[in-house]
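Look at TrEMBL and you will find 374-760 tagged as domain 'Major facilitator superfamily (MFS) profile'. The transmembrane segment annotation in TrEMBL covers 202-223, 335-357, 377-398, 418-438, 445-465, 471-493, 505-523, 529-547, 580-602, 644-665, 671-696, 739-758 (among others).
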Amino acid sequence: MSRTLKKLFTASLTLIVCVQLFTLMLSSSTLRTELTRMSLSGYKGITTQLEATIERGLRFGRPLNGFAAMQSHLHKAKSMSDDIETVLVTDTTGKTLYTTSPDTPEVQLTTAEMNSDDWLKKGDSRLTVRPLHGYKNMMEGFLVVKVGTSGISQTVRDFLYDTGLISIALSLLTAATLFSWLLFRGSQFQSSSIASKKFRTVLFVVFSLSQIAYGISTCYLFKQKLEISTNQKILQASDAFAYSLEYLLDKRINVAGLHGTTKELREIVAKTPELIGAKLSFTGANAKSYGTVTGQSTSIPISSGKFNSAADRERRGTLELFVNTAAQHALLVDIALNLGTTLIIGLLLLGELALVFTPKEATELSSIPSQGHISTLIRGLCFIFFFGFDMVLTFAPLAARDLNTAATGISNSLAGSLPISCEMAAAGIGIFLVGFFSDKYRWSTLFTAGVVCAAAGCFFGGASTDLFQFIVARALAGLGFGIAIMAAQLSLVSLENKAQSMGNMFAGILAGSLCGSAAGAMLSDLFSYQIVFYTAAAFCALALLLVKPAATSTAHTTQRASNDSSLDAMLSLIRTPQMWSTLILAGLPIAISLSGFLYYYVPMFLNNQGTNQADIGRLFMLYSLCIIYLGPKLGTKIDKSNKAFFYTAIAVILSGAALLVATAYPTLTGFSVSIVITGIAQCIAGSSVLLYVLALPALQKKNKEKMASLFRLLERSGQIAGPLLFGVIATMKNSLQEVSSTGIAFIIAGLCFFLIANSKGISQTLSKGEL
């Protein structure tokens with residue numbers, strides 16, 4: 001194997017290992033959550049069984065504070081699992097009446113905890129609180145079960161160990177496949193690189209196949225674990241009832257003729273989500289049932305005779321419990337979708353990291369980098385920066401709430417939104433500062449300043465000890481965000497293929513945001529928020545490594561010298577009528593559609609309709625994928641067409657059409673189509689609107705960098721107005737009708753813009769511009 005192929009194999013293997021580790025950790029985070037929930041569900045079954053036993057006694061008139069067999073019942077429940085630390089019963093005030101651990105300090109419960117159905121964290125343990133009802137459904141007290149997490153952790157560890165071995169085996173197989181392919185087809189790659197389209201395709205196919213195999217293997221293992229857990233919980237839920245039936249049979253009571261058995265079956269099914277029905281049958285008697293009694297089931301024999309001799313016991317009947325296979329299937333589908341999401345994110349990461357290899361190779365081949373190389377380099381730069389910046393995206397409001405105290409006098413909801421508001425306001429200031437200093441400093445200097453501010457903001461966010469410090473930290477991060485994103489755009493406005501280049505840049509931003517937010521959410525499950533903030537700061541700073549080669553590559557695309565002050569530039573922009581028509585009829589509707597409809601209305605509406613949060617997240621991935629894969633291609637068409645005004649009008653019309661589709665089909669499928677349309681509109685608008693403004697005749701002799709910064713700043717007014725507008729619409733009785741009216745207004749605005757921009761005088765002037 002030649003030296004070139006060895007370098008190619010080493011580089012590609014490094015990429016695969018990095019991405020494989022990333023996807024393994026990401027999928028492990030999802031599996032850890034589900035396995036923990038499954039394990040806790042088993043303990044919930046023990047609690048439900050004990051609760052039913054106690055309530056059965058209470059309904060027969062036994063007083064809670066004089067329940068003779070209570071200690072026996074509690075110890076029997078505790079013996080069902082080594083992880084159950086304490087089982088206790090309290091009265092309605094929380095005073096302990098019975099406990100399996102007299103030496104253990106009493107569990108202090110708040111009113112909110114007493115009324116909670118979820119598992120509560122108490123140090124390293126989890127506990128569940130169940131209300132106990134007696135005669136005429138009167139509240140008698142509470143049942144508290146405290147569970148240690150060591151067994152749960154061991155279960156999760158064992159499962160992840162198995163999946164880790166599968167991942168390692170598939171990684172070795174992937175490496176062997178790639179090595180063999182290069183060995184036999186290596187002659188085609190003697191002068192190629194990892195960034196070449198053909199080799200990247202091979203890399204993607206090999207990696208995708210390995211991830212699909214990993215997903216199938218993981219789903220199979222999870223299915224086996226789910227079946228074992230379901231069977232255990234079914235047996236636990238029916239144990240007390242089966243024991244009661246056998247006790248009555250031994251007392252020679254005609255159990256088949258009892259009237260309360262159907263009610264008991266109903267309670268078992270109601271308190272056990274894994275069941276859809278139950279049937280009790282005795283020899284020579286009619287069977288009694290509740291719910292759906294067809295499909296997969298577990299049979300439990302009901303016998304009578306000597307308890308100490310299984311051989312002498314006679315089978316008298318059967319208790320059949322029917323499994324809710326639909327719920328199992330839904331859970332497996334959800335796991336498969338999560339693993340599929342992980343695959344997509346892994347492919348994005350693989351593709352973006354592969355592009356990072358391009359700059360060095362292109363520099364070696366040519367002293368003057370091509371414009372395509374420059375845009376690819378800026379894309380990689382933005383990917384790394386936004387990977388780090390958006391790592392804290394999913395939990396920043398939660399971190400703010402954790403720092404909020406009663407002394408601040410601020411509600412938790414306001415505490416969660418204040419840092420975000422300050423961050424966005426500071427981002428606007430950052431965009432303005434870039435325009436102000438664009439004629440004094442190169443884009444690379446401004447971008448460096450933005451990265452430093454953002455990294456410092458993330459670092460101080462992790463070091464914050466109160467809410468005020470955290471708000472200041474997020475404002476500093478927002479300032480860096482505004483400076484960095486605007487400076488990156490300034491590096492491209494002087495290129496001939498600026499539309500394609502901006503499409504590439506926004507693709508890098510969205511890919512970085514998608515991968516970074518997923519990585520941050522995963523790390524926040526493993527470590528504290530503070531650690532993730534520090535990690536985000538480190539990744540933001542990592543972008544500085546690419547600033548120098550990017551600055552060198554764009555050295556020949558220097559901005560046009562201009563003696564205009566920032567005030568003169570602003571006045572020139574404000575005095576241009578065509579700019580106002582573009583802003584009002586195109587820029588604002590597109591911005592409102594993004595921030596108001598997509599980011600605010602869609603998640604709120606779907607959440608109110610009961611849509612799963614994971615499904616909503618996957619819908620937003622559709623938008624990101626549109627920007628990442630369609631943005632550069634549409635940008636190329638815009639560059640070649642020389643008709644930025646036409647594509648701008650199309651973007652506005654599509655933004656309105658997306659709203660109409662969502663209102664005509666207010667379902668998950670309808671909103672999916674609507675989000676894809678919005679994504680296409682934003683792909684077009686990301687470059688065409690600014691290109692059109694920069695080509696206006698009144699602005700031809702002005703500093704492009706200042707014009708771009710000022711126009712982007714004006715566009716942000718639409719991003720601010722979007723949530724406010726759709727927030728008002730959401731409060732209306734017929735909100736969908738108002739959304740539809742807004743969509744029609746956007747379409748009319750797009751048509752008006754097209755007519756104005758396509759008028760004879762303006763189009764002739766524009767044809768002489770620098771579009």
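Using N, Cα and C of the backbone, Cβ positions are placed for all residues, glycine too.
When the stretches 202-223, 377-398, 671-696 are ranked by Cβ pairs under 8 Å to the transmembrane segment (580-602), first place goes to 671-696.
Only pairs six or more apart in sequence are counted, and the transmembrane segment (445-465) with the transmembrane segment (377-398) gives three or more Cβ pairs under 8 Å, enough to call it a contact. Touching of the transmembrane segment (471-493) and the transmembrane segment (377-398) is concluded from the presence of at least three CB pairs under 8 A, sequence neighbours closer than 6 excluded. Residues 396-397, 400, 410, 446, 450, 453, 467, 470-471, 474-487, 490, 559, 566, 569, 703, 705-706, 708-710, 712-713, 716, 719-720 of the same chain, all 6+ positions outside the transmembrane segment (418-438), place their C-beta atoms under 8 angstroms from a C-beta of that stretch. Mean per-residue pLDDT, taken over the domain 'Major facilitator superfamily (MFS) profile' (374-760), amounts to 83. For the transmembrane segment (529-547), the neighbouring stretch richest in Cβ pairs under 8 Å, chosen from 377-398, 671-696, 739-758, is 377-398.
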